[in-house]
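Here is the structure we will look at, set down as C-alpha cells.
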Amino acid sequence: MTTPSSFAASTSSVFTDPAVQIPTFHGLKSSTSLALARHVRLFAPSASSSSSSRPLLVRAVSTPAKPGVAAEPKRSKVEIFKEHSNYIRYPLNEELLTDAPNINEAATQLIKFHGSYQQYNREERGQRSYSFMLRTKNPCGKVSNQLYLTMDDLADQFGIGTLRLTTRQTFQLHGVLKKDLKTVMSSIIRSMGSTLGACGDLNRNVLAPAAPLVRKDYLFAQQTAENIAALLTPQSGFYYDMWVDGERFMTSEPPEVAEARNDNSHGTNFPDSPEPIYGTQFLPRKFKIAVTVPTDNSVDILTNDIGVVVISDAEGEPRGFNLYVGGGMGRTHRVDTTFPRLGEPLGYVPKEDILYAVKAIVVTQRENGRRDDRKYSRLKYLISSWGIEKFRSVVEQYYGKKFEPFRELPEWKFESYLGWHEQGDGHLYCGLHVDSGRIAGKMKKTLREVIEKYNLDVRITPNQNIILTNIRSAWKRPISTVLAQSGLLHPRFVDPLNITAMACPAMPLCPLAITEAERGIPDILKRVRAVFEKVGLKYSESVVIRITGCPNGCARPYMAELGLVGDGPNSYQIWLGGTPNQMSLASTFMDKVKIHDLENVLEPLFYHWKRKRHSKESFGAFTNRLGFEKLKELVEKWDGPVLSPARYNLKLFADKDTYEAMDDLAKLQNKNAHQLAMEVIRNYVAAQHNGRTE
C-alpha cells in the first residue's frame with residue numbers, strides 16, 4: 001500500500017512521465033457534459049505487491065467514479081447560477097430593472113462579482129428593508145484624492161453617512177438602495193475607482209504594504225501587487241455593461257500583464273473565451289493574494305491563498321519572489337473538517353516569472369478545487385488533501401518550470417505605519433488609527449477637509465487604518481492640530497489595545513453574524529483595559545485582540561493572541577495562541593463564553609501572564625508555552641487576584657461635587673468617573689502637545 005508520504009515523494013517523478021502528462025485544458029464543460037473537471041491517471045511506484053502497479057486515479061472534484069460513465073457531477077447551486085449567467089450578467093441585468101427593493105437569489109450571488117452584497121437590517125421587525133453594501137477594489141490600498149472625495153460624497157448622499165476601511169485595504173459603503181446602485185457604481189467608475197471582483201468567486205483585492213516608502217523593494221512589491229490584480233481582473237466586460245452601459249474606464253496595463261494573461265503554452269487558458277483565465281465558471285470560491293517585503297507582515301501574509309515575498313540581492317535590487325500557498329481563515333463552528341490554515345512555502349521564482357507562476361496556481365485551483373460543497377472550496381482544502389508536494393507538481397505543469405528552493409527569510413514583524421514618517425522623497429506621510437475602520441461624524445468631516453485642502457492621496461492599511469501621503473513638511477503642524485481636535489490622535493495617545501485590535505461589521509447588516517463585533521469591541525477593549533489595571537499590567541502593555549461576529553474570520557481572529565469568534569447570541573468562542581507578528585495560528589480555548597463572563601476567563605489568564613511570563617514573552621507565546629490544560633485549570637480555580645498595597649494614589653477629584661458630576665457623565669458612556677477623567681486628560685494633553693510641537 002502506498003503511504004501518503006511515499007506517494008508525495010513519488011509525485012515529482014510521476015508527473016514528468018510523458019505518459020501521464022496533464023492534457024491541454026479546453027475549458028470547464030457545460031452542465032450537459034460528463035464533468036466539470038478532468039482526471040489524471042497516476043501510476044504508483046513499482047513495488048513487490050502486484051496491486052501497487054495498478055493505476056491510481058487521482059480525481060478532481062466531481063469526476064465520475066468510473067471513467068466513461070456519463071454521470072452528472074454534483075455541483076453547488078452557485079455553480080449553476082454562474083453557468084447560466086452569460087458571464088455574470090443574467091438575471092442580474094433584469095432584476096435591477098424591477099421596482100422591487102431587492103433582487104432574487106441568483107442575482108444576489110452574481111452581484112457579488114460586481115462588488116456588492118444584498119443586506120437588510122436584521123434588528124428591524126416586519127417587512128425587510130433591503131439595501132446593498134458596496135466594496136471597492138484598491139490594490140495596495142491606494143486611493144486617489146478624487147476617489148476618496150467621491151466615496152465621501154457617496155456615503156452621505158446614498159449610504160448611511162459613514163465609510164468603512166476593511167482588512168483588505170478597501171472601502172465598504174453600506175446602505176445603498178437598489179434604485180441608486182447604478183448611480184453609485186458609475187460614480188465610482190468615473191472617478192477611476194472600481195468594485196469589480198471585490199467579492200465573488202475570483203481574485204479579490206491584492207494586498208501590499210500601504211506605506212508610501214520610496215524604496216526599491218516596497219515600490220516593486222506594490223507594482224507587483226498591481227500587476228497581479230490586473231492579470232486576474234475579469235475581461236468579458238460584464239461590469240461595464242451593467243453600470244456604465246458598456247463604456248470602458250480602464251487604466252493602461254503593462255504589456256507583460258497582457259502577455260502573461262494570453263499565454264496558453266501550458267494549457268492554462270480557455271481558447272477563444274472572453275474570460276481566458278476564468279471561463280464561464282470562474283473559481284470555486286474567493287481567492288486572496290498578498291505581496292510584501294521581508295520582515296514586513298502588515299499584510300498577514302500567511303492568511304492568503306498566495307503570499308508573495310520580494311527577494312532582493314545584497315545591493316537591494318529585487319531579483320525574485322518566495323511563494324507561500326494555502327492560507328485561509330474561514331471555518332464552520334464544530335465542523336472539524338473546516339479549519340483556518342496558514343500558508344506554507346511553495347518555492348521561489350525569478351521576478352520575470354511571477355505572473356506565470358501566480359496564474360499557474362490559480363488555474364490549479366480552478367481545475368481541482370471542489371465545486372460541490374462551498375464549505376470546502378478554498379485552496380487550503382485542496383492543498384490539505386493533496387499535500388504540498390503533489391500540489392507543487394501539478395502547478396509546475398501549468399507553470400512550465402520547476403520551482404527553485406524557497407529562500408531563507410529574516411524574522412517577521414507587524415508594521416502599523418501609524419504616526420508621522422519620512423517617505424524618502426522629501427515628503428511625509430501620516431498614519432492614523434481608525435477604530436474598526438469606521439470613518440464617521442467629526443472624524444469624517446475633518447478627514448475630508450484635510451484631504452481636500454492639501455490635495456492628498458491616501459492609503460488604506462490591512463489593519464483598517466488610513467495613511468495620508470505626500471505631505472509637505474510645512475503642512476505637518478496645521479494638519480496635526482486639526483486632526484487632534486477631531487480625535488485623530490498621534491498613536492502614542494491611543495490605547496495600545498486599540499492600536500492592534502480589529503473587528504468585522506457583524507450586526508445588524510451582515511447576514512452571517514451570530515453576535516456583535518464592531519459595535520461590541522469598544523466596550524470589550526475597555527473591559528480588557530480594566531482587567532489589565534486590576535491585575536497590575538502596565539498601560540503600555542498590550543495583546544492583539546480581534547473579534548468577529550461569526551466563524552468566517554473576516555477580521556482574521558485566528559491569528560490573534562486573543563480571538564473572540566461569535567458562536568451564539570452574546571456568546572463567543574475564545575481563541576488563544578497567535579503572536580504579535582501574526583505568524584502563528586491560534587487554537588480554540590473555550591466555547592460559548594457569554595459576554596458578561598469574559599472577565600472570569602481573562603482575569604486569571606492575564607494575572608498569571610503578568611506573574612509567570614518569561615522576559616519579553618508575549619501573551620500568545622505564554623499561552624502556547626503553558627498549554628490549554630494548565631490554563632483551563634487556572635481559570636477553574638480562580639478566586640481573584642492577590643492585590644498588593646498601592647504604593648501611591650493619584651487623586652483626580654478635589655471635591656465630591658466634581659466627582660459626582662463626572663460620574664453622571666461617565667455613566668452615559670458606560671464608563672466610571674476615573675476612566676472618563678483619564679480620557680479627557682489624555683485628549684487634552686494630546687491636543688496641546690500636537691498643537692505645540694507637531
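Numbering starts at 1 and runs along the chain as displayed.
Keep in mind that glycine also has a Cβ here, set from the backbone N, Cα and C atoms.
Here TrEMBL flags 126-186 (among others) as domain 'Nitrite/Sulfite reductase ferredoxin-like'. Averaged across the domain 'Nitrite/Sulfite reductase ferredoxin-like' (126-186), pLDDT for the predicted model comes to 98.
Under the heading domain 'Nitrite/sulphite reductase 4Fe-4S', TrEMBL lists 228-403 (among others).
As annotated by TrEMBL, domain 'Nitrite/Sulfite reductase ferredoxin-like' applies to 421-473 (among others).
If you look up TrEMBL, you'll see 499-637 (among others) marked as domain 'Nitrite/sulphite reductase 4Fe-4S'.
For the domain 'Nitrite/Sulfite reductase ferredoxin-like' (421-473), the number of residues in each DSSP class (helix H, G, I; strand E, B; coil) is 17 helix, 18 strand, 18 coil. The stretch from 126-186, 228-403, 421-473 that makes the most Cβ contacts under 8 Å with the domain 'Nitrite/sulphite reductase 4Fe-4S' (499-637) is 228-403. Counting residue by residue with DSSP, the domain 'Nitrite/Sulfite reductase ferredoxin-like' (126-186) contains 26 helix, 17 strand, 18 coil. With DSSP states grouped into helix (H, G, I), strand (E, B) and coil, the domain 'Nitrite/sulphite reductase 4Fe-4S' (499-637) comes out at 55 helix, 27 strand, 57 coil.
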